[in-house]
Amino acid sequence: MAEYSYDVVVIGTGPAGESAAMNAGKKGKTVALIDSRAEVGGGCTHKGTIPSKALRHAVHAVMKFNRTPLFRAIAEPTLLSFPEVNASAQQVISKQVSMRRRFYSRNHFKIFNGHARFVDPNTVEVQTSQSTKDILHAEHVVIATGSRPYRPDNVDFSHPMVFDSDTILTLNRTPRRIIIYGAGVIGCEYASIFNGLGCKVDLVNPGARLLAYMDDEISDALSYHMRGHGVLIRHNEMFESLHGYDDYVELKLQSGKVIKADAFLWANGRAGNTDDLGLENAGLEANSRGQLEVDRFYRTKTDNIFAVGDVIGAPSLASAAYDQGRAASGAIVNDSSYIFFENIPNGIYTIPEISSVGKNERELTKAKIPYEVGKAYFKDTARAQITGEDVGVLKILFHRETLELLGIHCFGDQAAEILHIGQAIMEQKNGGNTLEYFVTHTFNYPTMAEAYRVAALNGLNRL
Ligand SMILES: Cc1cc2nc3c(=O)[nH]c(=O)nc-3n(C[C@H](O)[C@H](O)[C@H](O)COP(=O)(O)OP(=O)(O)OC[C@H]3O[C@@H](n4cnc5c(N)ncnc54)[C@H](O)[C@@H]3O)c2cc1C
Ligand SMILES: NC(=O)c1ccc[n+]([C@@H]2O[C@H](COP(=O)([O-])OP(=O)(O)OC[C@H]3O[C@@H](n4cnc5c(N)ncnc54)[C@H](O)[C@@H]3O)[C@@H](O)[C@H]2O)c1
(Lines of atoms letter the chains of each structure in order from A and count residues from 1; the text may use other names and numbers.)
(Lines give C-alpha, C1' and ligand atoms only; values in the text may rest on other atoms or scores of the structure.)
(Ligands and ions follow the chains in the order given, each with its own letter.)
Protein backbone atom coordinates (compact mmCIF):
# COMPACT_ATOMS: atom_id res chain seq x y z
CA MET A 1 0.00 0.00 0.00
CA ALA A 2 1.38 3.40 -1.03
CA GLU A 3 0.12 6.83 0.04
CA TYR A 4 0.04 9.98 -2.09
CA SER A 5 -1.20 13.55 -1.68
CA TYR A 6 -2.75 15.78 -4.34
CA ASP A 7 -4.61 19.06 -4.54
CA VAL A 8 -7.32 17.46 -6.66
CA VAL A 9 -8.25 13.81 -7.12
CA VAL A 10 -10.65 13.07 -9.95
CA ILE A 11 -12.54 9.78 -10.04
CA GLY A 12 -13.32 8.86 -13.64
CA THR A 13 -11.56 9.68 -16.92
CA GLY A 14 -14.62 10.28 -19.11
CA PRO A 15 -15.33 13.76 -20.51
CA ALA A 16 -16.35 15.13 -17.08
CA GLY A 17 -13.26 13.85 -15.26
CA GLU A 18 -10.89 14.72 -18.07
CA SER A 19 -11.96 18.34 -18.29
CA ALA A 20 -12.05 18.76 -14.49
CA ALA A 21 -8.50 17.39 -14.29
CA MET A 22 -7.14 19.41 -17.23
CA ASN A 23 -8.52 22.68 -15.92
CA ALA A 24 -7.26 22.06 -12.38
CA GLY A 25 -3.80 21.16 -13.75
CA LYS A 26 -3.68 24.25 -15.99
CA LYS A 27 -4.50 26.37 -12.95
CA GLY A 28 -1.47 24.98 -11.10
CA LYS A 29 -3.02 22.23 -9.01
CA THR A 30 -1.44 18.81 -8.55
CA VAL A 31 -3.87 16.29 -10.01
CA ALA A 32 -4.40 12.53 -10.01
CA LEU A 33 -7.11 10.59 -11.80
CA ILE A 34 -8.55 7.20 -10.97
CA ASP A 35 -10.38 4.89 -13.34
CA SER A 36 -11.45 1.30 -12.90
CA ARG A 37 -11.21 0.78 -16.66
CA ALA A 38 -7.85 -0.36 -18.00
CA GLU A 39 -7.84 2.54 -20.50
CA VAL A 40 -8.70 6.21 -20.14
CA GLY A 41 -11.71 7.80 -21.87
CA GLY A 42 -14.60 6.62 -19.73
CA GLY A 43 -17.84 5.05 -20.81
CA CYS A 44 -18.03 7.83 -23.41
CA THR A 45 -15.04 6.56 -25.37
CA HIS A 46 -15.40 2.83 -24.78
CA LYS A 47 -19.14 2.12 -24.70
CA GLY A 48 -21.26 5.19 -25.39
CA THR A 49 -20.79 8.26 -27.56
CA ILE A 50 -17.70 7.30 -29.56
CA PRO A 51 -18.54 3.72 -30.60
CA SER A 52 -22.18 4.53 -31.33
CA LYS A 53 -21.23 7.56 -33.45
CA ALA A 54 -18.56 5.60 -35.30
CA LEU A 55 -21.00 2.75 -35.99
CA ARG A 56 -23.56 5.21 -37.19
CA HIS A 57 -21.06 6.96 -39.45
CA ALA A 58 -20.05 3.68 -41.14
CA VAL A 59 -23.65 2.59 -41.62
CA HIS A 60 -24.68 5.99 -42.95
CA ALA A 61 -21.81 5.98 -45.45
CA VAL A 62 -22.98 2.62 -46.84
CA MET A 63 -26.60 3.76 -46.98
CA LYS A 64 -25.50 6.78 -48.97
CA PHE A 65 -23.40 4.63 -51.29
CA ASN A 66 -26.35 2.32 -51.88
CA ARG A 67 -28.83 5.05 -52.73
CA THR A 68 -26.56 7.24 -54.91
CA PRO A 69 -27.14 6.37 -58.59
CA LEU A 70 -23.67 7.68 -59.53
CA PHE A 71 -22.00 4.88 -57.56
CA ARG A 72 -23.82 2.18 -59.54
CA ALA A 73 -21.19 2.72 -62.22
CA ILE A 74 -18.65 1.34 -59.70
CA ALA A 75 -20.53 -1.31 -57.74
CA GLU A 76 -23.90 -2.74 -56.83
CA PRO A 77 -25.59 -1.83 -53.51
CA THR A 78 -24.18 -3.80 -50.61
CA LEU A 79 -24.45 -4.14 -46.85
CA LEU A 80 -21.80 -4.24 -44.14
CA SER A 81 -22.01 -6.66 -41.23
CA PHE A 82 -22.13 -5.56 -37.61
CA PRO A 83 -18.63 -6.98 -36.93
CA GLU A 84 -17.30 -4.95 -39.88
CA VAL A 85 -18.71 -1.62 -38.73
CA ASN A 86 -17.77 -2.47 -35.14
CA ALA A 87 -14.16 -3.06 -36.20
CA SER A 88 -14.05 0.43 -37.68
CA ALA A 89 -15.51 1.83 -34.43
CA GLN A 90 -12.83 0.05 -32.41
CA GLN A 91 -10.17 1.84 -34.47
CA VAL A 92 -11.67 5.20 -33.54
CA ILE A 93 -11.70 4.16 -29.87
CA SER A 94 -7.96 3.34 -30.07
CA LYS A 95 -7.21 6.77 -31.56
CA GLN A 96 -9.25 8.47 -28.86
CA VAL A 97 -7.49 6.54 -26.11
CA SER A 98 -4.00 7.36 -27.45
CA MET A 99 -4.88 11.04 -27.79
CA ARG A 100 -6.23 11.21 -24.25
CA ARG A 101 -3.25 9.31 -22.84
CA ARG A 102 -1.00 11.95 -24.40
CA PHE A 103 -3.00 14.76 -22.72
CA TYR A 104 -2.41 13.20 -19.34
CA SER A 105 1.26 12.41 -19.78
CA ARG A 106 2.06 15.87 -21.21
CA ASN A 107 0.44 17.43 -18.17
CA HIS A 108 2.20 15.06 -15.73
CA PHE A 109 -0.99 13.68 -14.23
CA LYS A 110 -0.76 10.39 -12.43
CA ILE A 111 -3.45 7.88 -13.37
CA PHE A 112 -4.39 5.17 -10.90
CA ASN A 113 -6.05 2.09 -12.28
CA GLY A 114 -8.63 0.50 -10.02
CA HIS A 115 -11.90 0.94 -8.21
CA ALA A 116 -12.03 4.10 -6.06
CA ARG A 117 -13.74 4.30 -2.71
CA PHE A 118 -13.96 7.10 -0.15
CA VAL A 119 -12.35 6.44 3.21
CA ASP A 120 -13.27 9.95 4.41
CA PRO A 121 -14.04 13.23 2.55
CA ASN A 122 -10.33 13.85 1.91
CA THR A 123 -9.13 10.29 1.40
CA VAL A 124 -9.83 7.87 -1.43
CA GLU A 125 -8.51 4.33 -1.62
CA VAL A 126 -7.88 2.65 -4.95
CA GLN A 127 -8.00 -1.10 -5.28
CA THR A 128 -5.14 -1.41 -7.76
CA SER A 129 -5.11 -5.21 -7.71
CA GLN A 130 -6.79 -7.95 -5.71
CA SER A 131 -4.30 -7.58 -2.91
CA THR A 132 -3.03 -4.00 -3.22
CA LYS A 133 -4.54 -0.64 -2.43
CA ASP A 134 -3.21 2.88 -2.86
CA ILE A 135 -4.33 5.67 -0.58
CA LEU A 136 -4.83 9.13 -2.08
CA HIS A 137 -5.17 12.19 0.13
CA ALA A 138 -6.84 15.14 -1.56
CA GLU A 139 -7.84 18.67 -0.73
CA HIS A 140 -10.64 18.36 -3.27
CA VAL A 141 -12.26 15.35 -4.91
CA VAL A 142 -14.25 15.41 -8.15
CA ILE A 143 -16.62 12.51 -8.64
CA ALA A 144 -16.96 11.90 -12.40
CA THR A 145 -17.87 8.24 -12.33
CA GLY A 146 -20.49 8.40 -15.10
CA SER A 147 -23.38 6.01 -15.57
CA ARG A 148 -24.15 2.55 -16.89
CA PRO A 149 -27.20 0.90 -18.42
CA TYR A 150 -29.92 0.22 -15.87
CA ARG A 151 -30.63 -3.52 -15.77
CA PRO A 152 -34.04 -4.62 -14.49
CA ASP A 153 -34.06 -7.88 -12.51
CA ASN A 154 -36.55 -9.56 -14.85
CA VAL A 155 -34.30 -9.44 -17.92
CA ASP A 156 -31.65 -12.15 -18.19
CA PHE A 157 -28.62 -10.32 -19.56
CA SER A 158 -26.55 -13.52 -19.47
CA HIS A 159 -28.53 -14.87 -22.45
CA PRO A 160 -26.30 -14.59 -25.58
CA MET A 161 -29.04 -12.78 -27.53
CA VAL A 162 -29.82 -10.20 -24.83
CA PHE A 163 -27.82 -6.97 -24.75
CA ASP A 164 -27.68 -3.52 -23.24
CA SER A 165 -25.96 -0.52 -24.85
CA ASP A 166 -22.59 -1.59 -23.36
CA THR A 167 -22.69 -5.26 -24.30
CA ILE A 168 -24.13 -4.69 -27.78
CA LEU A 169 -20.55 -3.90 -28.79
CA THR A 170 -19.68 -7.57 -28.21
CA LEU A 171 -22.20 -8.76 -30.82
CA ASN A 172 -20.25 -10.93 -33.28
CA ARG A 173 -22.88 -11.30 -36.01
CA THR A 174 -25.55 -9.26 -37.76
CA PRO A 175 -28.95 -10.13 -36.33
CA ARG A 176 -31.74 -10.84 -38.80
CA ARG A 177 -34.26 -9.21 -36.50
CA ILE A 178 -33.61 -7.11 -33.42
CA ILE A 179 -36.05 -5.86 -30.80
CA ILE A 180 -35.04 -2.59 -29.17
CA TYR A 181 -36.94 -1.86 -26.00
CA GLY A 182 -36.82 1.85 -25.12
CA ALA A 183 -37.10 4.66 -27.64
CA GLY A 184 -35.01 7.33 -25.97
CA VAL A 185 -31.88 8.61 -27.66
CA ILE A 186 -30.03 5.31 -27.31
CA GLY A 187 -32.94 3.22 -28.60
CA CYS A 188 -33.55 5.52 -31.59
CA GLU A 189 -29.87 5.78 -32.52
CA TYR A 190 -29.37 2.00 -32.41
CA ALA A 191 -32.62 1.48 -34.34
CA SER A 192 -31.10 3.60 -37.14
CA ILE A 193 -27.81 1.70 -36.97
CA PHE A 194 -29.34 -1.78 -37.17
CA ASN A 195 -31.83 -0.68 -39.78
CA GLY A 196 -28.92 0.56 -41.90
CA LEU A 197 -27.28 -2.86 -41.57
CA GLY A 198 -30.33 -4.43 -43.15
CA CYS A 199 -31.80 -5.92 -39.94
CA LYS A 200 -35.51 -5.96 -39.28
CA VAL A 201 -35.92 -3.59 -36.34
CA ASP A 202 -38.80 -3.57 -33.85
CA LEU A 203 -38.52 -0.37 -31.81
CA VAL A 204 -40.76 -0.74 -28.78
CA ASN A 205 -41.55 2.52 -27.07
CA PRO A 206 -43.07 2.61 -23.58
CA GLY A 207 -43.90 6.29 -24.27
CA ALA A 208 -46.36 7.90 -26.66
CA ARG A 209 -43.87 9.33 -29.17
CA LEU A 210 -40.20 9.15 -30.07
CA LEU A 211 -38.02 11.57 -28.12
CA ALA A 212 -41.04 13.19 -26.53
CA TYR A 213 -39.07 16.22 -25.29
CA MET A 214 -38.24 17.26 -28.85
CA ASP A 215 -40.29 19.60 -31.01
CA ASP A 216 -43.40 17.62 -32.12
CA GLU A 217 -42.79 18.26 -35.80
CA ILE A 218 -39.21 16.99 -35.54
CA SER A 219 -40.24 13.95 -33.53
CA ASP A 220 -42.99 13.20 -36.07
CA ALA A 221 -40.50 13.59 -38.92
CA LEU A 222 -38.16 11.11 -37.24
CA SER A 223 -40.97 8.55 -36.82
CA TYR A 224 -42.05 9.05 -40.43
CA HIS A 225 -38.56 8.60 -41.87
CA MET A 226 -37.64 5.68 -39.62
CA ARG A 227 -40.84 3.94 -40.62
CA GLY A 228 -40.07 4.79 -44.24
CA HIS A 229 -36.74 3.00 -43.84
CA GLY A 230 -38.58 -0.05 -42.50
CA VAL A 231 -38.29 0.32 -38.71
CA LEU A 232 -41.40 -1.02 -37.02
CA ILE A 233 -42.24 1.42 -34.23
CA ARG A 234 -44.73 0.50 -31.53
CA HIS A 235 -45.72 3.25 -29.11
CA ASN A 236 -47.30 2.90 -25.64
CA GLU A 237 -46.15 -0.68 -25.21
CA MET A 238 -45.01 -1.81 -21.77
CA PHE A 239 -42.61 -4.65 -21.08
CA GLU A 240 -44.14 -7.80 -19.60
CA SER A 241 -41.42 -10.45 -19.89
CA LEU A 242 -38.55 -11.71 -22.00
CA HIS A 243 -37.81 -15.38 -22.58
CA GLY A 244 -34.60 -16.61 -24.11
CA TYR A 245 -34.44 -19.85 -26.12
CA ASP A 246 -31.54 -21.48 -27.98
CA ASP A 247 -32.05 -19.64 -31.24
CA TYR A 248 -34.42 -16.77 -30.45
CA VAL A 249 -35.78 -14.48 -27.79
CA GLU A 250 -39.43 -13.73 -27.23
CA LEU A 251 -40.66 -10.43 -25.83
CA LYS A 252 -44.12 -10.32 -24.29
CA LEU A 253 -45.76 -6.94 -23.92
CA GLN A 254 -48.42 -6.01 -21.40
CA SER A 255 -50.80 -5.44 -24.33
CA GLY A 256 -50.53 -9.18 -25.07
CA LYS A 257 -48.31 -8.76 -28.14
CA VAL A 258 -45.48 -11.24 -28.57
CA ILE A 259 -42.40 -10.42 -30.66
CA LYS A 260 -39.64 -12.86 -31.59
CA ALA A 261 -36.14 -11.94 -32.71
CA ASP A 262 -32.57 -13.20 -32.69
CA ALA A 263 -31.33 -10.19 -30.69
CA PHE A 264 -32.82 -7.99 -27.98
CA LEU A 265 -31.40 -4.62 -26.92
CA TRP A 266 -32.56 -3.14 -23.63
CA ALA A 267 -32.27 0.64 -24.03
CA ASN A 268 -34.44 1.87 -21.21
CA GLY A 269 -32.73 3.67 -18.40
CA ARG A 270 -29.33 4.45 -16.97
CA ALA A 271 -28.04 4.47 -13.41
CA GLY A 272 -25.26 6.59 -11.89
CA ASN A 273 -22.02 4.79 -10.94
CA THR A 274 -22.06 5.37 -7.20
CA ASP A 275 -22.27 1.80 -5.90
CA ASP A 276 -19.48 0.89 -3.61
CA LEU A 277 -17.96 4.36 -3.83
CA GLY A 278 -18.05 4.61 -0.03
CA LEU A 279 -20.32 7.67 -0.26
CA GLU A 280 -21.37 7.15 3.35
CA ASN A 281 -17.74 7.81 4.40
CA ALA A 282 -17.86 11.13 2.58
CA GLY A 283 -21.17 12.30 4.04
CA LEU A 284 -22.98 11.74 0.76
CA GLU A 285 -25.96 9.75 -0.44
CA ALA A 286 -27.13 8.99 -3.97
CA ASN A 287 -30.78 8.98 -5.10
CA SER A 288 -32.61 5.85 -6.27
CA ARG A 289 -30.95 6.16 -9.72
CA GLY A 290 -27.47 6.36 -8.19
CA GLN A 291 -27.19 10.09 -8.91
CA LEU A 292 -25.74 12.83 -6.73
CA GLU A 293 -27.17 16.25 -6.01
CA VAL A 294 -25.00 19.33 -6.62
CA ASP A 295 -25.34 23.13 -6.51
CA ARG A 296 -24.66 25.60 -9.36
CA PHE A 297 -20.93 25.09 -8.83
CA TYR A 298 -21.23 21.30 -9.02
CA ARG A 299 -20.42 21.13 -5.32
CA THR A 300 -22.02 18.29 -3.38
CA LYS A 301 -23.25 18.79 0.14
CA THR A 302 -19.75 17.90 1.37
CA ASP A 303 -17.81 21.13 0.77
CA ASN A 304 -14.60 19.76 -0.75
CA ILE A 305 -16.32 17.19 -3.01
CA PHE A 306 -17.69 18.04 -6.45
CA ALA A 307 -19.66 15.85 -8.86
CA VAL A 308 -19.97 16.24 -12.62
CA GLY A 309 -21.17 14.40 -15.71
CA ASP A 310 -23.68 11.58 -15.87
CA VAL A 311 -23.39 10.89 -12.16
CA ILE A 312 -25.43 14.06 -11.48
CA GLY A 313 -28.17 13.09 -13.95
CA ALA A 314 -29.64 15.26 -16.73
CA PRO A 315 -28.69 16.25 -19.33
CA SER A 316 -26.29 13.26 -19.30
CA LEU A 317 -24.39 14.35 -22.37
CA ALA A 318 -20.69 14.19 -23.11
CA SER A 319 -20.93 17.76 -24.39
CA ALA A 320 -22.32 18.98 -21.07
CA ALA A 321 -19.90 16.80 -19.10
CA TYR A 322 -16.92 18.65 -20.63
CA ASP A 323 -18.33 21.99 -19.49
CA GLN A 324 -19.35 20.75 -16.05
CA GLY A 325 -15.87 19.32 -15.36
CA ARG A 326 -14.22 22.61 -16.28
CA ALA A 327 -16.74 24.57 -14.21
CA ALA A 328 -16.19 22.36 -11.14
CA SER A 329 -12.42 22.77 -11.15
CA GLY A 330 -12.96 26.46 -11.94
CA ALA A 331 -14.91 26.64 -8.69
CA ILE A 332 -12.14 24.76 -6.87
CA VAL A 333 -9.54 27.35 -7.93
CA ASN A 334 -11.99 30.29 -7.46
CA ASP A 335 -11.77 31.13 -11.14
CA SER A 336 -13.92 34.21 -11.69
CA SER A 337 -14.54 33.32 -15.34
CA TYR A 338 -16.90 30.57 -14.17
CA ILE A 339 -19.98 30.15 -16.33
CA PHE A 340 -23.09 28.23 -15.43
CA PHE A 341 -24.02 26.45 -18.62
CA GLU A 342 -27.63 26.74 -19.64
CA ASN A 343 -29.56 26.25 -22.84
CA ILE A 344 -27.59 23.13 -23.71
CA PRO A 345 -28.10 21.96 -27.29
CA ASN A 346 -28.62 18.35 -28.21
CA GLY A 347 -27.51 16.39 -31.22
CA ILE A 348 -29.18 13.06 -31.86
CA TYR A 349 -27.44 10.84 -34.37
CA THR A 350 -30.37 8.97 -35.76
CA ILE A 351 -30.65 8.59 -39.52
CA PRO A 352 -31.64 11.33 -40.34
CA GLU A 353 -29.90 13.37 -37.64
CA ILE A 354 -31.68 15.75 -35.24
CA SER A 355 -30.48 18.74 -33.30
CA SER A 356 -32.08 21.49 -31.28
CA VAL A 357 -31.47 24.33 -28.88
CA GLY A 358 -33.87 26.59 -27.01
CA LYS A 359 -37.61 26.24 -26.75
CA ASN A 360 -39.90 24.12 -28.88
CA GLU A 361 -43.36 25.09 -30.15
CA ARG A 362 -45.15 23.22 -27.38
CA GLU A 363 -43.22 25.08 -24.68
CA LEU A 364 -43.69 28.49 -26.31
CA THR A 365 -47.41 27.89 -26.77
CA LYS A 366 -47.76 26.82 -23.15
CA ALA A 367 -45.88 29.93 -21.97
CA LYS A 368 -48.11 32.10 -24.25
CA ILE A 369 -45.08 33.65 -25.94
CA PRO A 370 -46.04 35.20 -29.29
CA TYR A 371 -43.77 33.42 -31.71
CA GLU A 372 -43.54 32.79 -35.41
CA VAL A 373 -41.86 30.02 -37.38
CA GLY A 374 -39.42 30.26 -40.28
CA LYS A 375 -38.58 27.09 -42.19
CA ALA A 376 -36.16 25.98 -44.86
CA TYR A 377 -36.61 22.54 -46.33
CA PHE A 378 -33.35 20.87 -47.27
CA LYS A 379 -34.82 19.76 -50.60
CA ASP A 380 -35.06 23.43 -51.60
CA THR A 381 -31.37 24.19 -50.99
CA ALA A 382 -28.78 23.83 -53.72
CA ARG A 383 -26.27 22.17 -51.40
CA ALA A 384 -28.67 19.39 -50.38
CA GLN A 385 -29.62 18.79 -54.01
CA ILE A 386 -25.92 18.42 -54.85
CA THR A 387 -25.10 16.11 -51.94
CA GLY A 388 -28.30 14.12 -52.29
CA GLU A 389 -29.02 14.69 -48.58
CA ASP A 390 -32.31 16.38 -49.29
CA VAL A 391 -34.41 15.04 -46.42
CA GLY A 392 -34.70 17.59 -43.65
CA VAL A 393 -35.81 20.94 -42.40
CA LEU A 394 -34.34 23.84 -40.48
CA LYS A 395 -36.91 25.48 -38.29
CA ILE A 396 -36.35 28.80 -36.51
CA LEU A 397 -38.76 29.90 -33.78
CA PHE A 398 -38.63 33.64 -33.11
CA HIS A 399 -40.52 36.30 -31.20
CA ARG A 400 -43.09 38.00 -33.44
CA GLU A 401 -42.40 41.47 -32.07
CA THR A 402 -38.71 41.55 -31.15
CA LEU A 403 -37.55 38.95 -33.73
CA GLU A 404 -35.49 37.39 -30.92
CA LEU A 405 -34.52 33.77 -31.63
CA LEU A 406 -36.30 31.44 -29.22
CA GLY A 407 -35.52 28.00 -30.58
CA ILE A 408 -33.67 26.32 -33.42
CA HIS A 409 -34.69 22.83 -34.52
CA CYS A 410 -33.04 20.95 -37.29
CA PHE A 411 -33.73 17.58 -38.85
CA GLY A 412 -31.56 16.08 -41.59
CA ASP A 413 -27.97 15.41 -42.55
CA GLN A 414 -25.42 17.35 -40.48
CA ALA A 415 -28.17 18.80 -38.28
CA ALA A 416 -25.89 18.74 -35.23
CA GLU A 417 -23.34 20.93 -37.06
CA ILE A 418 -25.87 23.23 -38.73
CA LEU A 419 -27.50 23.99 -35.39
CA HIS A 420 -24.45 25.75 -33.98
CA ILE A 421 -24.78 28.68 -36.38
CA GLY A 422 -28.20 29.46 -34.93
CA GLN A 423 -26.96 28.82 -31.40
CA ALA A 424 -24.15 31.35 -31.84
CA ILE A 425 -26.62 34.07 -32.81
CA MET A 426 -29.10 33.03 -30.16
CA GLU A 427 -26.48 33.57 -27.46
CA GLN A 428 -25.67 37.15 -28.58
CA LYS A 429 -26.36 39.82 -25.97
CA ASN A 430 -27.44 43.49 -26.24
CA GLY A 431 -29.97 43.00 -29.01
CA GLY A 432 -27.68 40.85 -31.15
CA ASN A 433 -29.97 37.86 -30.87
CA THR A 434 -32.48 38.42 -33.65
CA LEU A 435 -33.55 36.95 -36.95
CA GLU A 436 -32.09 40.06 -38.62
CA TYR A 437 -28.61 38.53 -38.60
CA PHE A 438 -29.61 35.97 -41.17
CA VAL A 439 -30.97 38.53 -43.65
CA THR A 440 -28.24 41.13 -43.18
CA HIS A 441 -25.22 38.86 -43.71
CA THR A 442 -24.11 36.93 -46.76
CA PHE A 443 -23.89 33.15 -46.59
CA ASN A 444 -21.53 31.10 -48.72
CA TYR A 445 -23.39 29.46 -51.57
CA PRO A 446 -24.11 26.63 -51.91
CA THR A 447 -24.01 25.66 -48.23
CA MET A 448 -26.42 24.21 -45.73
CA ALA A 449 -25.78 27.36 -43.65
CA GLU A 450 -27.68 29.22 -46.34
CA ALA A 451 -30.80 27.48 -44.98
CA TYR A 452 -30.74 30.10 -42.20
CA ARG A 453 -31.33 32.91 -44.73
CA VAL A 454 -34.09 30.93 -46.41
CA ALA A 455 -35.76 30.10 -43.07
CA ALA A 456 -35.44 33.70 -41.81
CA LEU A 457 -37.03 35.14 -44.94
CA ASN A 458 -39.75 32.51 -44.75
CA GLY A 459 -40.44 33.55 -41.15
CA LEU A 460 -40.39 37.30 -41.88
CA ASN A 461 -42.84 36.76 -44.73
CA ARG A 462 -45.33 35.36 -42.24
CA LEU A 463 -45.42 38.50 -40.09
C1 LIG B 1 -24.87 4.61 -26.47
C2 LIG B 1 -24.61 6.01 -26.00
C3 LIG B 1 -24.46 7.04 -26.92
C4 LIG B 1 -24.21 8.33 -26.49
N5 LIG B 1 -24.09 9.33 -27.42
C6 LIG B 1 -23.84 10.60 -27.03
C7 LIG B 1 -23.67 11.64 -27.98
O8 LIG B 1 -23.75 11.41 -29.17
N9 LIG B 1 -23.41 12.88 -27.54
C10 LIG B 1 -23.31 13.17 -26.21
O11 LIG B 1 -23.04 14.33 -25.86
N12 LIG B 1 -23.46 12.20 -25.27
C13 LIG B 1 -23.74 10.93 -25.66
N14 LIG B 1 -23.88 9.93 -24.72
C15 LIG B 1 -23.75 10.27 -23.31
C16 LIG B 1 -22.27 10.36 -22.92
O17 LIG B 1 -21.57 9.18 -23.29
C18 LIG B 1 -22.16 10.57 -21.42
O19 LIG B 1 -22.91 11.72 -21.10
C20 LIG B 1 -20.72 10.74 -21.00
O21 LIG B 1 -20.00 9.58 -21.19
C22 LIG B 1 -20.64 11.13 -19.51
O23 LIG B 1 -19.33 11.35 -19.19
P24 LIG B 1 -18.78 11.12 -17.71
O25 LIG B 1 -17.41 11.67 -17.72
O26 LIG B 1 -19.75 11.64 -16.74
O27 LIG B 1 -18.76 9.55 -17.50
P28 LIG B 1 -18.16 8.28 -18.30
O29 LIG B 1 -17.80 8.65 -19.70
O30 LIG B 1 -19.16 7.22 -18.11
O31 LIG B 1 -16.84 7.93 -17.51
C32 LIG B 1 -16.84 7.57 -16.16
C33 LIG B 1 -15.63 6.70 -15.86
O34 LIG B 1 -15.54 6.54 -14.44
C35 LIG B 1 -15.15 5.20 -14.15
N36 LIG B 1 -15.59 4.83 -12.80
C37 LIG B 1 -16.84 4.66 -12.36
N38 LIG B 1 -16.85 4.34 -11.05
C39 LIG B 1 -15.57 4.29 -10.66
C40 LIG B 1 -14.92 4.02 -9.42
N41 LIG B 1 -15.60 3.78 -8.30
N42 LIG B 1 -13.57 4.04 -9.40
C43 LIG B 1 -12.84 4.31 -10.51
N44 LIG B 1 -13.41 4.59 -11.69
C45 LIG B 1 -14.75 4.60 -11.77
C46 LIG B 1 -15.87 4.40 -15.23
O47 LIG B 1 -15.26 3.12 -15.41
C48 LIG B 1 -15.69 5.30 -16.44
O49 LIG B 1 -14.51 4.97 -17.13
C50 LIG B 1 -24.11 8.62 -25.11
C51 LIG B 1 -24.24 7.58 -24.18
C52 LIG B 1 -24.49 6.28 -24.61
C53 LIG B 1 -24.62 5.20 -23.60
N1 LIG C 1 -26.81 11.79 -29.14
C2 LIG C 1 -26.86 11.94 -27.83
O3 LIG C 1 -26.73 13.02 -27.32
C4 LIG C 1 -27.05 10.74 -26.96
C5 LIG C 1 -27.10 9.47 -27.49
C6 LIG C 1 -27.35 8.40 -26.67
C7 LIG C 1 -27.51 8.62 -25.31
N8 LIG C 1 -27.42 9.86 -24.81
C9 LIG C 1 -27.64 10.08 -23.36
O10 LIG C 1 -27.76 8.86 -22.68
C11 LIG C 1 -28.84 8.93 -21.74
C12 LIG C 1 -29.75 7.71 -21.86
O13 LIG C 1 -30.48 7.73 -23.07
P14 LIG C 1 -32.02 7.51 -23.35
O15 LIG C 1 -32.51 8.66 -24.09
O16 LIG C 1 -32.13 6.19 -24.02
O17 LIG C 1 -32.87 7.58 -22.06
P18 LIG C 1 -32.90 6.74 -20.77
O19 LIG C 1 -32.46 5.38 -21.08
O20 LIG C 1 -32.20 7.45 -19.69
O21 LIG C 1 -34.43 6.79 -20.40
C22 LIG C 1 -35.39 5.94 -20.96
C23 LIG C 1 -36.47 5.71 -19.94
O24 LIG C 1 -35.99 4.99 -18.82
C25 LIG C 1 -36.33 5.65 -17.60
N26 LIG C 1 -35.20 5.46 -16.66
C27 LIG C 1 -34.01 6.10 -16.73
N28 LIG C 1 -33.19 5.65 -15.76
C29 LIG C 1 -33.87 4.69 -15.06
C30 LIG C 1 -33.56 3.86 -13.95
N31 LIG C 1 -32.36 3.90 -13.36
N32 LIG C 1 -34.49 3.03 -13.51
C33 LIG C 1 -35.69 2.96 -14.12
N34 LIG C 1 -36.06 3.70 -15.17
C35 LIG C 1 -35.16 4.57 -15.64
C36 LIG C 1 -36.50 7.09 -18.02
O37 LIG C 1 -37.33 7.80 -17.14
C38 LIG C 1 -37.10 6.97 -19.40
O39 LIG C 1 -38.47 6.75 -19.34
C40 LIG C 1 -29.64 10.18 -22.01
O41 LIG C 1 -29.58 10.99 -20.89
C42 LIG C 1 -28.99 10.80 -23.21
O43 LIG C 1 -28.80 12.18 -23.02
C44 LIG C 1 -27.21 10.92 -25.61
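Note: Cβ is positioned from N, Cα and C throughout, glycine not excepted.
Curation does not apply to TrEMBL; its annotations are automatic.
As annotated by TrEMBL, FAD binding site applies to Lys53, Thr145, Gly146, Ser147, Asp310. For Gly146 (FAD binding site), the same-chain residues lying six or more positions away in sequence with a CB closer than 8 A to its CB are Gly12, Gly14, Ala16, Gly42, Gly43, Cys44, Gly272, Asn273, Gly309, Asp310, Val311.
Per TrEMBL, the feature NAD(+) binding site maps to Gly182, Ala183, Gly184, Val185, Ile186, Gly187, Cys188, Glu189, Gly269. Using a 10 Å radius centred on the Cβ of Gly182 (NAD(+) binding site) and all shown protein chains, the other Cβ atoms total 25.
The feature domain 'FAD/NAD(P)-binding' is assigned by TrEMBL to 6-325.
When DSSP labels each residue, the domain 'Pyridine nucleotide-disulphide oxidoreductase dimerisation' (344-455) comes out as 37 helix, 33 strand, 42 coil, counted as helix, strand and coil in that order. The annotation domain 'Pyridine nucleotide-disulphide oxidoreductase dimerisation' is assigned in TrEMBL to 344-455.
Counting other CB atoms no more than 10 Å from each candidate's CB, the binding-site residues Ile186, Cys188 peak at Cys188.
Contact annotation for binding-site residues (Lys53, Gly182, Gly184, Cys188, Asp310) versus ligand 2: Gly182, Gly184, each with CB under 6 Å from a ligand atom. Binding-site extent for NAD(+): residues Gly182, Ala183, Gly184, Val185, Ile186, Gly187, Cys188, Glu189, Gly269, maximum pairwise Cα distance 15 Å (rounded to the nearest whole number). Same-chain neighbours of the NAD(+) site beyond Gly182, Ala183, Gly184, Val185, Ile186, Gly187, Cys188, Glu189, Gly269, judged by a C-beta within 8 angstroms of the site's C-beta center, are, in sequence order, Ile180, Tyr190, Ala267, Asn268. Within 10 Å of the C-beta atom of Asp310 (FAD binding site) sit 32 other C-beta atoms, taking all shown protein chains into account. If you check the binding-site residues Gly182, Gly184, Ile186, Cys188 against Ser147 (FAD binding site), none has a Cα inside 10 Å of its Cα. Straight-line distance linking the Cα atoms of Gly184 (NAD(+) binding site) and Lys53 (FAD binding site), rounded to a whole number, equals 16 Å.
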